[in-house]
Amino acid sequence: MAGSRALPNHADLQPYNHAVAGHDGTLSDPDGEFFIKPCVQQEIDFYEKAFRDHLDFAALMPLYLGTLALNDVTDVDSLNEQLPGIADHLSQGLKEEAVLMAKEAAAAEAAAEQADQPIDIAWRPNKNSKISTNKSVVLQNTTHGFKKPNILDAKLGQRLWADDAPMAKRKRFDEISKATTNGSHGFRIAGMRVYKGSDKADELDSDGFKVFNKDYGRFSVNKDNVVQELGNFIFNERAGIDEDLGRAVAQAFLEDLKRVEDVLANSETRMFSASLLFTFEGDGEALRAAIEENNALADDAKQEEMELVGEIDITREKIDGIEAQVISGAIEGDLKVVEIMGDVVVDGEEEDDGELSNLPRIYSLKLIDFAHAEWVPGQGPDENSLLGVRSLIEIFEEQTTTSTARTITLRPFWEWRFEVPRTSSTTTNSTTTTATTSTNTATTTSSSSSTATDGGTTVRLTSGTAERDGTELAQNHVYTFPRNTKSKLLTYTGATLEIGGDALIDSVAQYAAPEASPQLGVVNLHSALQDLRRAAAAAAAGNDNHNGGGGGGSQAAAGPRVMVCGEAGCGKTTVARTLAALATRAGGQPLVASVDPKEGMLALPGTISAAVFGTVMDVEDPGGGFGVSGSPSSGASAVPVKLPMVYYVGKERVDEDVPLWNALVGKLGSSVRAKFAADEVVRAAGLVLDTPAASVAKGDMDILTRVVDEFAVNIAVVLGSAGIAAELQRRLGEDVSIILLDKSDGVAERDKDFMKFTREAAIKEYFFGDAKRTLSPFTQSVGFDDVAIFKAPDDSSFYNNQQALERVEISAGMSHWTLAVMTASVNDAPETIRQAPVMGFVAIADVDEERRRLKILSPVSGRLGNRPMVWARWPEPYINLLG
């Protein structure tokens, strides 16, 4: 309790400026020791019963000093009656000022009551967050004594409304819960303020804080990033709070959260929209000094003999003649958080506590906001609020962990499936759910961990064997999978993995037997294809001997030409990539092609391409080895690059311009046949071809039969669609073998945001490289008249007696677009330019129409000369490429 002192006059009272969850009308004295909040009688009743009958619960709350209900105050005596908890500490001047205020308020209320009021007033949301009440609760200000208090309000519960709430309010609050982490985690960040919470000065208030209002927790925080946002509240290098300090604070909060859980589990309450208020010193230098000063005093007072349980015990104890309140949290290592506050008691009289009153604050955790709280004897604990508390405990437990790695053990044919979100996390979290079927059990664990990498999840194979889409991992090598990666690791023999780094969502697919795994079908298919390749190689060798070593072979000596197809989301690209990688591992050099412009293989999206895969693929590539990192660049590559033949479609889907796609597929097919004719090793290894997603209902079978014709496909692998398999069999007859494989139950969902991020990442990597390979694109400024840009039509009108391309004037609308540089001349016919192979890509960084110049980013130096550039509508412009 505060020492006796003269409180300020009415004119000196000021708005409380540390509210973070939208509470208006709150006041404090200039020193900030008292916190005065408008409230309803139910909240007062809850406080009074807690401090009278439930002291363990009261210890979780801010120190309750009394109430202000001054409308009936007519003299100082009545003021003393209404403020039994604090009147003794009010100066005579303040008491007289309070009486005057009460009289003025009563007069104003009487005047207002003269206005007509409707008999039945329906509930309406309170837009200004001010409570209609003439009462206020007076509490000890939990932020008092901090230099730069970081504050976070975590609103508890999935259900946010009380039993007496009108239906309109129930519906609105249920929608809020469902759309926020109240629904997924049982709590929501209702507001936050962080000292030096941004590098941008215009985002900070006059005291240097970044304030996150209630909309932040409702619209910016979600189940995928809530762990990261809580980490951002605690760990803040800008303010000097490094990992050691942050973990110390997290450990202190963790101990208090466990105490909160224990007390709530043994209390019979119902609280709706109550909150946990987290406060700690946000200035790193002041925080470290406060910890050292508090710890030094604790050591001097032999505090090691006491149980330190955080700022939760309001029962005072005598320590070397000092009646003290002890606040603490412990952590293994050098940092130990101990906080002591108290009053000196001399001959039964409270006096200023001197050294203790000047001790700097470290942290505080309090349960607040009880407008919809009540005691419910006989009804058990408040599981609604406990859900949020327990979620917070799980998060803070991981945040205090110094080791960031965890271990996963896989048995034969098990899969570890993982997704690395687009945003990173500096902390760790883990939640587990288990789904079981007749053939497998998948345990899904959401986790995140502190990392020293530039972002991504790290994986180290510590024992056994494992592979990603057919490419083996080396033991004890640390692989980093970048953000926005969705993939899996498979083991045929069993493996142990050590996982660390950024947040991820992962699962282990556990199969009772290899026969239950869909991967077994892919392995058996690879084995059959290898038999065909060996036969083709033997036949080619026989032909060479028959021809006197002249080579050449025959079409009969060609290896399998495999087309992988299926409906959208069936995992066909992963199967194609796996078959190619397995063939390469077996010593072959298959030709791999993709005619799906939506993806792009070894090139940017919007293209179709083919290349010989004679070397290992990049395990860490988000595209699993099909990404742009596998193509030639001006920098060193982690794996040997491939040399693709690329054609530019400039569309996302085939049906946007079927005639153009047909023409380019024909060109690519001719290139593949020429490579087969020239290289018998490649011819014997055969072809693995990825196709666009197809549907019988949408009439896409013509697309697939076109691929069969152009690439002389003799094996069609269909994933999960008996309809496609039957239709292909009907159309192709016995010339093509149709193989129907099960679709994997682990195919990752790729929504529009995921695909957009993937495209942007590919464009950025093409010009600037990635974490393993930094590239420096060349910037050149050229005049409008020095380059030729051709615009592709937005539909297939070119084939209706119109030109394939139109040379266009350069305009500002070209900014941020990526253009294809064609292996052709500006003097060639438009159709020749449109169907020419792609030499590379450039990005238009800026267009200066006044000076008639444009800035171009290019992966290599040198002028473009008379090379034409094609501007199509896919992929879309990347606005932040240079940001």
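Glycine too: its Cβ is placed from the backbone N, Cα and C atoms.
Now, the feature entries from TrEMBL:
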- Glu415, Lys486, Gly569, Cys570, Gly571, Lys572, Thr573, Thr574: ATP binding site (BINDING)
- 423-453: compositional bias 'Low complexity' (COMPBIAS)
- 454-465: compositional bias 'Polar residues' (COMPBIAS)
- 558-742: domain 'AAA+ ATPase' (DOMAIN)
- 423-469: region 'Disordered' (REGION)
Completion exercise
Counted with DSSP (H/G/I as helix, E/B as strand, rest coil), the compositional bias 'Polar residues' (454-465) has 0 helix, 8 strand, 4 coil
Handout entry: Fewest-neighbour residue among binding-site residues, criterion Cβ within 10 Å, set Glu415, Lys486, Gly569, Thr573, Thr574
Key = Gly569
Handout entry: Those residues of the chain, 6+ apart, with a Cβ under 8 Å from that of Cys570 (ATP binding site)
Key = Ala693, Leu719, Gly720, Ser721, Lys743, Val747
Handout entry: Residues satisfying Cβ distance under 8 Å from Lys572 (ATP binding site), sequence separation of at least 6
Key = Val564, Cys565, Gly566, Asp690, Thr691, Ala693, Leu719
Handout entry: Largest inter-residue Cα distance among Glu415, Lys486, Gly569, Cys570, Gly571, Lys572, Thr573, Thr574 [record-listed ATP binders, Å]
Key = 19
Practice task
Would you mind listing, in sequence order, the residues at least six apart from Gly571 (ATP binding site) in the same chain with a Cβ closer than 8 Å to its Cβ?
Solution key: Leu719, Lys743, Ser744, Val747
Problem - Three-class DSSP secondary structure - Glu415 (ATP binding site) - result: strand
Practice task
Across the whole of the domain 'AAA+ ATPase' (558-742), what does the mean pLDDT come to? Round it, please.
Solution key: 94
